[in-house]
Amino acid sequence: MPQLSKSLSFDGRDIRLELGLFAPQAGGSVLISSGDTAVLVAATRSTAREGIDFLPLTVDYEERMYAAGRIPGGFLRREGRPPERATLTSRLIDRPLRPLFPSWLRDDLQVVATTLSMDETVPPDVLAATGASIATLVAKIPFYGPMAAVRVGLVGDDFIINPTYREIEKGDLDLVVAGTPAGVIMVEAGANQLPEADVIEAIDFGYEAVQELIKAQQSLLAELGIEQILPEAPNADNTLENFVRDRASSGVQQVLQHFSFTKSERDAALDEVKASVVEAIAALPEEDPVRSVTAAEPKALGNTFKALTKTLMRQQILRDGVRVDGRKLDQVRPISSQVGLLPPRVHGSGLFQRGLTQVLSIATLGTPGDAQELDDLHPDTQKRYLHHYNMPPYSVGETRPMRSPGRREIGHGALAERALLPVLPSKEEFPYVIRVVSEVLSSNGSTSMGSVCGSTLALMDAGVPIKKPVSGAAMGLIREGDEYRVLTDIQGIEDFLGDMDFKVAGTDQGITALQMDMKIHGLPLEIIADAINQAKPARLHILNKMLEAIATPRADLSTYAPRLFRIQINPEQIGLVIGPGGKTIRSITEQTGAKIDIEDTGAVTISAVDADSALRAKSIIEGMTRTITAGDVYIGKVTRIIPIGAFVEFLPGKEGMIHISQIADYRVARVEDELTVGDEVVVKVREIDQKGRVNLTRKGIDPEEVSAARAAVEAS
C-alpha cells in the first residue's frame, strides 16, 4: 500500500492519520495521532472457523509504558496483565465495532490497538476506536462502516470535542459518542448530575463531529482506491426455517402470551415446543431436506428456533404493546430493598431485587493506605473508591468453572463505580477509602443497574455521607423500519432478543452515568432522546422504593470500621513527624497502634481500629507540630533528670528543659530534691533558642495561667 498522510481539525485540535508505513503484513493498519498521543491500530482477518455460530472477533487494546517514557514496575520490568483501564478501552473499541460486521461472518477477526506514544493531555481511547474502523476498512473486511468516535466534555456552559484530561477533570461531563452514517451506535458517559436535556444535546453535538470523521474516512478510501465492500448475506436455504415456523409458531406464541410464567417456566415451555419440533424432524424420512440440514449443521435447529422466538416476541411488542411478562412498555418490575442484613463485622450492606434480578452489595471502609495504586498511562495514580462486580454461575442456574473477573465483570463494575463517583464525599470531608463489592445472586437482566442501586444502599448503611442516592434502569428497544418501541427495565429475554441495551443511572437531580450498546447499525437522536427521557420516571420510581429501606446515610459508622482523623500540618514539618529513617513515625505507631498517612501537602490521616488509639496519635502529632511561643503555659511530665536541670514533655512528643536555676524561686542545690521522673509539673516557655530548643521555667506563673493550662489538657 502506498504511504498516505491526512490531517483533520476539531476545535483547534488536529487528528493525523498515517497509512502504509507500519505493520505491512497486517490486513490493514493506521497510525492515528493527536498531540503527542499516537495509537497504532491493525486489523487482520483469517479463514472462517468450522462449526461455530458466532463472529470470532477479538479486540485488544495494549498499553506500553515506553509511550510515556517509563519503565514498567515489578520484577520482570515488562508489561503483564492489562490494567483495568486498558480492559475498559478494549471494550470501548469493541462495542461500536462488533455490530457492524455482518451476522453471517465467521472469519477470525482481530483488531489490536497499541499506544506507541502518549502525552498527559490527549486520551488515546477515542483515537483507537476511530482507528479500528479505518484499519478494518483498509483490510477490506466486510463491514457496515465507517464508524468514528469522539469525546464530548462540558466546561462551564460550553461543549468541547476531545477535551484534554485536565478539561475532563474540571468539567461536568465525560461522554464518548460513536456513530456510523446510520446514526449513533454507542454512548458511554459519566456526568455530574446533568439534566436529560443537556445529555441529549451533548450526544447530538458529538455526533456532528463523528460525521466529519466518517466523511474523512470515506475520502481516505477514495484516495487509496479502495471500494468499500457492502456485504450481502449468502443465499440461505429456507427449508428448515419454513418447517420450524409451520410447526412451532403457534406454540411459541402461546408461551409468549402466558404472562404469568416465571423465567424458568417460560424457558421450560419453550424447550417443550422445541422438543416437539425435534420429534417431528426425527419422524421424517432420512432423505428429507429438513433432516439433511439438521444432520449437516447440528446447531441449525437451535438457531432457527431462537430466530423464530425473537421474531414473534418483537411482533407482539410492536403490535400489542405488551411484553412477555405482561408488563406495559414503561413499567418497572416489582422492587425490594433491604439494608443491614449481614452481621455487624460487615461495615455496610444492601440487598436490591428487581424482578428476578437480585444483587447483594457490601461496603467496606479502609484507610488511605488501602487506596489502589494505578500503574498505567493515565495521569491518575490512585483510586479511593473501588467497585467490584461478581456474577457466579449459580445466578443464572448454571454450573461452570469459577474464573477470575473477565471483561464483562470489569466493565459492569466500572459502570456502577462511575455512577456513584459524583455523589461521594470529598477526601477532606470523608478520608476513608471505600470498596463496594456487588454479588449478583440472581440474574434476569440489568444486573449492572442493580449493582448501582445495591451500592447506594450499602454506602448509606455504612454511614458514608453521599450527597444524593443514585438509582439506575436499563432501557431496551424493538425497532422494525420506522416503527419502534422503547422498553423500560428490560429483562434477560428482551436484552437478548432486542436491539439496544441502554443503561441510565442518576439522582433526582440528573444523570451520573450512561452506557448504550446496539445490535443494529445506528439510531437517530430522536429515539435516543426518547429512551433517556423514558428512563427518568423509572429511575425516580426505583429511587423512592430504595429510600423506603433507608432514607439517609446512617449517622454512625460500624463499630468495626476503622476510625480516622485528618489534620493539616505545615509541609515543612513533615520531616519532623517522620523523623530520621522513619524513626519518629514508627515510634508513634508503636505507642498508639494507629496508622499514619502523610501527603506532600501536609495532610495527615490517622487511623486505628478504635477511636482512643487514633486520638492518642493525633494528640502526639499536633503536639509535635504545634507552634510554641514564649509565655505559653503547659502541664507536663518530667522525663529525665540531669545535674543541671530536668527535661519535661509538655506536649506529646515535645520536650523542653528546665534549668536548675528555673526550678524554684529559691536556690536549688540538687534537682532530685525538687523533682523526680514522672512528676506532673506546670511550666512556662521562657525562650526558644536559635536551634529550636525550648527552655522552660517554673517561675512567674499566675494561677489563672495554671487554670487555663489544665482546662486545655482536659479539652484535649
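Including glycine, each Cβ sits where the backbone N, Cα and C put it.
The annotation Mg(2+) binding site is assigned in Swiss-Prot to D495, D501 on the grounds of sequence analysis. Secondary structure at D495 (Mg(2+) binding site), taken from DSSP and collapsed to helix, strand or coil, is helix. Using a 10 Å radius centred on the Cβ of D495 (Mg(2+) binding site) and all shown protein chains, the other Cβ atoms total 18.
Summarising the annotation, Swiss-Prot assigns domain 'KH' to 562-621.
As annotated by Swiss-Prot, domain 'S1 motif' applies to 631-699. Confidence for the domain 'S1 motif' (631-699), expressed as mean pLDDT, is 92.
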Counting each residue once, how many in the domain 'S1 motif' (631-699) are helix, strand and coil under DSSP? 6 helix, 36 strand, 27 coil
According to DSSP, does D501 (Mg(2+) binding site) fall in a helix, a strand, or coil? strand
Residues in the domain 'KH' (562-621) per DSSP class, helix first, strand next, coil last, are 32 helix, 16 strand, 12 coil
Using a 10 Å radius around its CB, how many other CB atoms surround D501 (Mg(2+) binding site)? 21
